[in-house]
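As annotated by TrEMBL, transmembrane segment applies to 24-43, 55-80, 92-113, 119-139, 146-163, 169-186, 207-225, 245-265, 272-293, 299-316. The domain 'Sugar phosphate transporter' feature in TrEMBL is assigned to 26-315.
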Amino acid sequence: MNKKNPDQKSEMSSSSSSPKKQTLFILSLIILWYTSNIGVLLLNKFLLSNYGFKFPIFLTMCHMSACAILSYVSIVFLKLVPLQYLKSRSQFLKVATLSIVFCASVVGGNISLRYLPVSFNQAVGATTPFFTALFAYLMTFKREAWVTYGALVPVVTGVVIASGGEPGFHWFGFIMCISATAARAFKSVLQGILLSSEGEKLNSMNLMLYMSPIAVIALLPVTIVMEPDVMSVTLSLARQHKYMWLLLLVNSVMAYSANLLNFLVTKHTSALTLQVLGNAKGAVAVVISILLFRNPVTVMGIGGYSITVLGVVAYGETKRRFR
């Protein structure tokens with residue numbers, strides 16, 4: 001009989017355990033990604049609507065400050081990814097443009113959370129593929145197959161139905177939410193155009209490293225003009241609630257974690273997997289927000305959101321097949 005030596009046995013056991021470790025690692029990343037994304041969304045809602053902290057622009061500036069500091073630590077000290085340098089004034093201006101658009105999307109989303117429940121906010125946010133396809137066509141004349149555009153019909157229809165069935169519908173909040181969604185889609189298309197050459201491409205972590213400080217500089221004067229009493233009210237709230245600063249810190253760190261984990265999940269899976277997980281994440285966020293904030297929902301609203309999510313899934317599938 002052939003007997004396997006101990007070295008062969010150890011090689012077999014290590015090779016069989018390696019895929020398991022990889023799977024466990026990816027699952028951990030996905031769970032952390034869900035936690036950070038949903039956590040920052042719910043904390044934003046809690047701070048802006050339930051806590052009396054009515055400063056969405058300052059809150060966005062806190063997020064961007066954390067992203068600037070933690071991006072620098074992650075890249076320069078922890079070396080999670082190689083540091084990429086901006087090579088020209090032209091590239092800097094392109095990154096600055098993206099930063100301003102990104103700021104607009106985050107500020108708009110945070111403002112909308114003051115007036116809309118998280119469930120409806122997520123329903124509107126699910127229309128991002130519609131705006132992405134629209135801007136891609138208008139800016140690059142890039143056309144998809146007609147069946148792909150057809151899949152966008154239920155995306156928009158679902159939001160229209162959900163709007164009609166939303167008890168907490170607020171016009172200003174809705175306009176800000178739509179604007180934020182459109183700005184997010186515009187940024188992704190613009191990024192593809194501005195940083196399309198091989199010499200100018202930046203991975204998402206390096207892009208965040210350069211975008212965040214620009215965003216802080218841009219948001220500071222806006223905060224001073226539009227939210228002049230932010231410091232006095234924040235200090236007053238901090239005296240009333242001893243966990244105020246901790247909540248702001250955790251919220252800001254989670255905002256960075258969401259971006260970092262978004263990069264890591266994409267790196268270790270694929271963009272398509274991220275898209276599928278993102279669709280499911282929206283549904284999970286809706287369920288958790290309803291349980292936490294007890295906002296009333298209707299069958300019409302749930303039906304509209306379900307149609308939108310199914311439309312987004314169909315859009316992603318048809319785009320993959322007809323690419």
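Indices start at 1 and increase along the chain as displayed.
The backbone N, Cα and C atoms fix where each Cβ goes, glycine too.
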### Message
Against the transmembrane segment (24-43), which of these stretches has the most C-beta pairs under 8 Å: 55-80, 119-139, 146-163, 245-265?
### Response
245-265
### Task
With Cβ distances under 8 Å as the criterion, find the stretch in 119-139, 207-225, 245-265, 272-293 that has the most pairs with the transmembrane segment (146-163).
119-139
#### Entry: Contact ranking winner - 119-139, 207-225, 245-265 against the transmembrane segment (272-293), Cβ under 8 Å
119-139
### Query
When you check the transmembrane segment (55-80) against the transmembrane segment (207-225), do you get at least 3 Cβ pairs under 8 Å, counting only pairs 6 or more apart in sequence?
yes
### Query
Counting only residues 6+ away from its ends, which parts of the chain sit with a Cβ under 8 Å from the transmembrane segment (119-139)?
41, 109, 112-113, 148-149, 152, 155-156, 158-159, 162-163, 166, 168-169, 174, 177-178, 180-182, 184-186, 188-190, 193, 279, 282, 285-286, 289-290, 295, 297, 301, 304-305, 308-309, 312, 315-316
